[in-house]
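Please read the structure below before turning to the comments.
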Amino acid sequence: MAAPLTLLLLVAVTIRAALFRSSLSELIAERVEVVSPLTAWKRVIEGLALLDLGVSPYSGDVFHETPLIIYLFHFVVDYAEITFMLADVITAVALYLAVKDYNKQVFRKQKFALEADRYPLDCLELIRSPKEMYYIPLKVAMFYLLNPFTILSCVAKSTCGLNNAVIALFILSTIKGNVLLSAIFLSLATYQSIYPLTLCAPALLYLMQRQYIPVNFRRASFWWFIVQYAFMYLGSLFVIICLSFFLLGSWDYLPSVYGFILSVPDLTPNIGLFWYFFAEMFEHFRLFFLCVFQINVFFYTIPLSIKLKEHPVFLIFMQLAVISIFKSYPTVGDIALYLAFLPVWSHLHRFLRNIFLVSCVLLACSALFPVLWHLWIYAGSANSNFYYAITLLFNVAQILLVSDYFYAFLRREHHLTYGLYLKRKDGSEATLVLK
Amino acid sequence: MAAYRYGYSAVLFILCGLSVFLVTNGQETILTGDDGAAAVDSPQTVTETAEQTAEQPAVEERQWEVTEVEEASPDEAAADKQDASAPETLVPPSVPRPKDDFQEELVIRPLHSGDIYASFQFRTLWETDFMRGNKVSHYRLFPKSLGQVISKFSVRELHISFTQGYWRTMQWGQPFLPAPPGAELWVWFQDSVTDVDGTWKELTNVLSGIFCASLNFIDSTNTVQPSASFKPLGISNVTDHRFLRYATLPREIVCTENLTPWKKLLPCGTKAGLAVLLKSEKLFHSSFHSQAVHIRPVCEDWQCKTTSWELRQTLSVVFDLHTSGQGKREWSLFKMFSRTLTDACPLASSSKVYIDITDNPEGEQFELIPATPLLSQAVVLGDRRTFSVYDLTQQITFGAVRSLNLLIRWKSTEGDMLRPLLHGERYVAGYGLQTGEIHTLMYNNHPYRSFPVLLLDSVPWYLRLYIHTLTVTSKAKDNKPSYIHYQPSKDRVRPHLLEMLVQLPPNSVTEVTVQFERALLKWTEYTPDPNHGFYVGSSVLSSLVPSIVAMDTNSTQERPLFSSFFPCKEESSYFVRVYTEPLLVNLPTPDFSMPYNVICLTCTVVAVGYGSLYNLLTRSFQIEEPSLGLAKRIANIIRKMRGVPPL
């Protein structure tokens with residue numbers, strides 16, 4: 001299994017290296033779909049230049065990276081291309097190992113269930129075989145590394161790649177059952193961009209499942225585990241934040257990074273929902289809608305955790321998707337991360353309802369982004385509404401994709417309990433509906 | 001009105017008595033009692049202040065009244081109709097030197113392009129102290145409105161200019177007083193001011209009212225604190241730039257409503273002296289118009305023992321050969337201003353008209369009618385210039401017709417202008433509405449000397465500058481600035497400030513480029529005509545340029561006003577300030593017509609997300625049972641009643 005992965009890594013690195021050398025890299029680095037004000041490499045360089053001039057990079061409104069990132073690139077700015085390729089490779093390998101481990105567990109669980117005769121008889125075709133599961137980890141790595149979104153993001157040197165690497169390491173350490181590392185990487189991811197905070201729910205569920213701690217509010221062991229995890233998470237977050245304070249000697253970065261993420265002052269167009277909405281917002285409603293939109297990102301955590309408490313990895317996927325759709329400055333790099341999980345759910349394909357339509361819309365939108373951008377910004381023959389319409393459609397497609405997978409997942413679970421070919425009372429073939 | 005006048009003279013009478021009393025007491029109080037009305041300053045202004053507050057609306061009127069008294073007294077006491085009830089006040093209490101002084105001056109420089117440049121300067125000097133806690137309430141020549149501004153806001157220096165049109169340095173040479181297009185305001189506050197930003201905000205609003213201009217649009221987003229480019233021009237010991245504020249409004253349109261309040265600040269108004277020429281219908285029919293007010297403390301004498309406040313009101317105008325001159329190379333005062341001069345301002349100690357004849361020593365370029373025997377030489381902008389002088393205080397100047405209508409008639413169009421040594425240009429490069437690049441070109445035309453230039457750029461926040469893309473090249477080589485002061489912008493709070501010191505090699509062009517990104521603003525932040533573009537104020541080049549002739553470093557000696565504005569510290573160089581063109585930059589715009597649609601559509605998408613997840617989260621899968629039709633159900637009920645099994 002190592003050989004194909006190595007080959008894949010080689011191919012991915014070659015593609016990236018070739019693009020870095022070509023004239024396309026500058027073009028890509030300017031694309032608003034690929035870089036946001038939070039992740040643009042140009043702004044990292046600007047922050048370093050400001051430091052060289054003796055000005056705090058957070059005194060202006062151009063630089064919004066965290067102090068650790070600027071400290072990192074203070075040393076490796078000359079090797080930035082290698083750093084970003086390395087980040088992608090780390091993400092891919094981490095996801096590969098994580099999914100491999102997860103598949104093993106899924107298989108083991110299925111075996112127990114089969115031995116206990118828990119599945120209805122007609123569900124045999126829903127049972128997953130080791131043969132089909134064998135290539136899934138490799139496919140996940142491939143989906144991440146060869147996804148054009150990831151490649152663009154890497155070639156543009158968007159720091160989104162680094163955030164993805166941290167999240168992938170968090171997923172790996174969670175699935176491997178390492179509580180401490182999981183908490184540390186989660187705090188790092190939170191520190192980088194607040195939103196991964198919602199991933200603590202699936203992490204807790206997964207780790208408890210692994211340690212056979214029942215999810216029961218009345219059990220002391222449940223609370224004790226939560227306190228342990230929270231302590232590790234908050235402790236490492238505290239350490240990182242203090243470290244950042246000592247690196248630059250001021251708290252300026254807090255409003256400049258987190259205030260910037262939450263209050264959305266920069267309305268540079270991107271593929272998200274925020275920019276045009278807040279450009280056109282009436283001033284006195286601005287704060288209200290800002291709260292509504294930001295709460296929206298965090299809001300789904302609790303109901304999803306309740307519904308999916310037996311399936312924390314699917315919950316991670318759902319959370320990543322929700323974050324990347326509803327976050328304030330999304331880029332295609334964020335989308336690439338949750339798209340990498342699609343091969344893991346390849347057994348759901350028979351229940352997907354509109355995957356063909358959704359993938360067509362996603363492809364068409366991806367192609368239309370640069371076209372309408374050109375028409376608006378350069379040709380002047382279209383206006384902002386055109387680009388905005390495409391972002392809307394793109395987001396609708398993403399939402400449909402995610403809810404479709406969610407639907408398929410729930411439906412498969414239902415069939416595994418009640419049988420695949422359900423009959424009505426009168427014996428005719430029944431149709432399943434949500435009620 | 002009569003009662004008021006009576007009351008006023010009574011107050012004057014009391015105060016005069018008081019002041020005499022004080023003199024006899026040998027107190028140190030300074031008396032302003034010059035050759036007429038008893039003057040009031042210092043501690044005993046209690047009564048005066050009380051009266052002033054009681055009669056605030058009449059301030060303007062009284063100021064004029066006092067001036068009239070002053071004007072009348074030196075001539076004939078008989079002309080004094082107003083103060084008849086208080087003849088004692090006319091007795092001068094033996095102070096020989098007046099504490100305030102007014103000079104007016106007009107310089108005309110024929111330009112090689114056939115255009116003509118006229119520059120008015122009015123200077124009021126007043127030896128007083130606005131800052132010493134006590135209220136100055138007696139104003140003679142100095143406009144009260146500005147005096148109150150100085151004392152209320154603790155202003156050390158105030159420079160304000162309103163300009164319509166752009167000064168073309170390469171065609172017209174250096175102006176006597178440079179000014180950027182639009183409005184420019186820079187103020188040094190006293191170091192006693194604690195809340196500089198608050199004071200600045202109030203000051204701009206007050207000035208906005210005084211000059212009928214949109215200076216109230218000056219806020220933190222267009223105000224900067226330059227660290228080196230704007231040093232105090234008067235005497236000062238503080239150069240801490242925390243007390244300096246600089247702002248430009250490049251879009252400000254200057255017109256009659258700004259000129260009228262400006263003219264009202266003159267002691268003679270537009271009734272006499274050079275100011276009669278200031279008719280707006282002509283002044284604004286020109287290629288360049290700039291009016292300014294400069295207030296600063298200056299030294300009275302060589303040792304700087306006494307200081308006084310200087311108010312300079314300047315107005316420069318360039319008339320175009322073709323639009324104003326009908327294409328004829330012949331200019332007269334009447335043709336330029338549609339007025340002629342008939343007298344000097346009676347309050348002025350000096351009133352002169354200078355014509356620059358340096359390029360015309362033998363009269364071969366143009367002819368000057370009437371000719372004058374008076375010649376004057378002055379060192380202006382590093383060059384020794386010769387001027388024909390017309391002294392308006394001499395009756396002989398006006399001749400038999402009692403009116404002076406200067407006529408300049410060209411004989412040949414030959415000749416070459418002295419090229420300005422420093423010159424700047426600026427433009428925006430790039431296409432599209434995403435990014436761009438600002439190019440600033442600085443020309444050093446000196447054949448063998450290099451000199452340093454301070455470049456000041458204040459760029460609004462919505463053009464996000466990337467300082468790491470800053471390049472400075474001269475003669476195709478990298479020219480590293482020896483000093484860079486950069487303050488990045490804060491969105492909706494403050495602009496970018498870039499100041500740097502660049503050494504310009506001799507005979508070269510130095511190019512400064514910096515890239516920027518255009519921000520998308522909220523729809524309410526755009527101007528009513530967003531596709532017109534957004535203005536970016538001029539860059540300011542300040543430099544000490546090597547001088548050809550020795551400069552005059554004694555600032556107190558008698559010199560023509562136009563040559564003495566910028567203080568000169570050394571003989572070998574002179575100070576020049578050059579403004580580049582303002583920029584007009586387009587920003588991407590949202591569609592202004594559909595905020596409701598955008599709000600609805602985006603909310604719909606969010607609702608789609610919420611709805612589909614809500615659906616899946618709250619509902620569960622169930623087998624669809626076909627529901628029976630209404631008829632069947634009714635039939636079943638009937639069958640049940642009949643005791644028959646249902647269908």
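For all residues, glycine too, the Cβ spot is worked out from N, Cα and C.
Remote same-chain residues near the signal peptide (A:1-17) are listed as 81, 84-85, 88-89, 92-93, 96, 137-138, 141-142, 145-146, 151, 154-155 (criterion: CB distance under 8 Å, separation of at least six residues from the stretch ends). Per TrEMBL, signal peptide is recorded for A:1-17.
Annotation comment: TrEMBL describes A:68-99 (among others) as transmembrane segment.
The annotation transmembrane segment is assigned in TrEMBL to A:143-172 (among others).
Listed by sequence, the residues of this chain that lie at least six past the ends of the transmembrane segment (A:229-251) yet keep a Cβ under 8 A from its Cβ atoms are 56, 58, 66-68, 71, 179-180, 182-184, 186-188, 190-191, 200, 203-204, 207. Marked as transmembrane segment by TrEMBL: A:229-251 (among others).
TrEMBL lists A:257-278 (among others) with the feature transmembrane segment.
Remote same-chain partners of the transmembrane segment (A:285-302), defined as residues 6 or more beyond its termini with a Cβ less than 8 Å from a stretch Cβ, comprise 195, 197-198, 201, 262-264, 273-274, 277-278, 318-319, 322-323, 326-328. Summarising the annotation, TrEMBL assigns transmembrane segment to A:285-302 (among others).
Marked as transmembrane segment by TrEMBL: A:314-342 (among others).
Residues annotated as transmembrane segment in TrEMBL: A:354-379 (among others).
Listed as Cβ neighbours of the transmembrane segment (A:385-407) (distance under 8 Å, sequence separation of 6 or more from its ends, same chain) are residues 269-273, 276, 317-318, 321-322, 324-325, 335, 342, 345, 348, 351-355, 357-359, 361-362, 365-366, 368-369, 372-373, 375-376. Under the heading transmembrane segment, TrEMBL lists A:385-407 (among others).
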For the transmembrane segment (A:314-342): best-contacting stretch of A:68-99, A:143-172, A:257-278, A:354-379, by Cβ pairs under 8 Å: A:143-172
